[in-house]
């Protein structure tokens, strides 16, 4: 894969002292490419699968509310008016409130904390199946959002800690397919669990929450032993393999000695580029959330039975997963992000236009769902990885990932309040709002691209040299994108 062009090329004015080995690559023997390929294959088998399984459970647990709704929850809990929508968006309130603080805790206590998060949110999912009023459901959904608020950003950070920036997007999008596949199998699993309707006096919708929550607890306990630590504490690599791994990622996304303070968070949140990333992510995430939470209801409104609606979501997600992987890998190969983000937005906009136009054919509207899924799942991973890689390394990247993912989920606030059930099955307001947000995301991406391109151009022209001597790699890592030799990925 192509090497990212933003790495720091140490053009440093040195003092009379001998150059530091950590800054002078000539002191290191060349990397054995065959050994590197073997290492990457081992990382792919050791890191991605376990995180993929955890995210599969994560997405099933957060999206099962849509399937529970059409399995009897709406009637039993009297979810009239906008009550169901409140239960949907309050989950994301937990993300907004707890996302960055929990990411700081993840960075402090390490990757095993992902399993702790999983255990906690599984308990809240089971709680969703035991509630007696819709107000209790609101509380359990809020707690679920808090418990899992740092999971995706933590997993994304862990992937970036083990891989070079040139490999990051491809691995992250493979990880992301777990959420897409979960959307596909969730409907099928829910349709099977729904056959337990009446067992122990519980309705089908309750068993959907209870069974899936219990499965998550079992998987969290099993995966505890397989979630890898941060690279410096890695135990599944030894000797030369571990040395090679650490050499490859020393200018990547992880700094073992970084601590994140409130001052660091506030400083990074003052960077306009992070907010451009939030806008880019929000523009497509709102539509992905709409698909996850409302697709069964939309399909039901097109004339499908409850079970048939759940089954018909499967091809939509599978197609979205395949298209996402293909285009993101091409983007990684060409070392270009902006054009592929816009391509995803264009596909997404085409699908939304079909739904807004409301053609009489149910099959045409169903085809629009495919376009929405494909477009959203191409642009979503690019918006996260593109901006986080350009943030630099260590705490800068951790904060960028957390901000983009957690503030980007504000799209769920929008989708849960604009998909009005009085407009079933057309949902004109919901789809029109989605189209407006896609345009906002495309505009933000354009501003971000131009800003990064202009900065690169100015730095190329000035050929800036550090005035003060830098003798420690950590000092250059702290500067991140502010270093004059840093080049943004476009």
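For all residues, glycine too, the Cβ spot is worked out from N, Cα and C.
Since the structure is predicted, the reported quantities are computational estimates derived from the model, not experimental observations.
Listed ranges 270-286, 287-303, 338-354; the one TrEMBL annotates as transmembrane segment is 338-354.
Listed ranges 50-66, 67-83, 118-134; the one TrEMBL annotates as transmembrane segment is 118-134. Range annotated as transmembrane segment by TrEMBL, chosen from 433-454, 455-476: 433-454. When TrEMBL is compared with the stretches 234-255, 366-387, the one noted as transmembrane segment is 366-387. Segment contact holds for the transmembrane segment (433-454) and the transmembrane segment (366-387), given three or more CB pairs below 8 angstroms at sequence separation of 6 or more. At the 8 Å Cβ threshold, with sequence separation of at least 6, the transmembrane segment (118-134) comes into contact with the transmembrane segment (205-227) through 3 or more pairs. When Cβ-Cβ distances under 8 Å to the transmembrane segment (172-193) are tallied for each of 146-166, 366-387, 399-421, the top count falls to 366-387. A contact between the transmembrane segment (86-106) and the transmembrane segment (366-387) is absent, since fewer than 3 of their C-beta pairs, 6 or more residues apart, lie under 8 Å.
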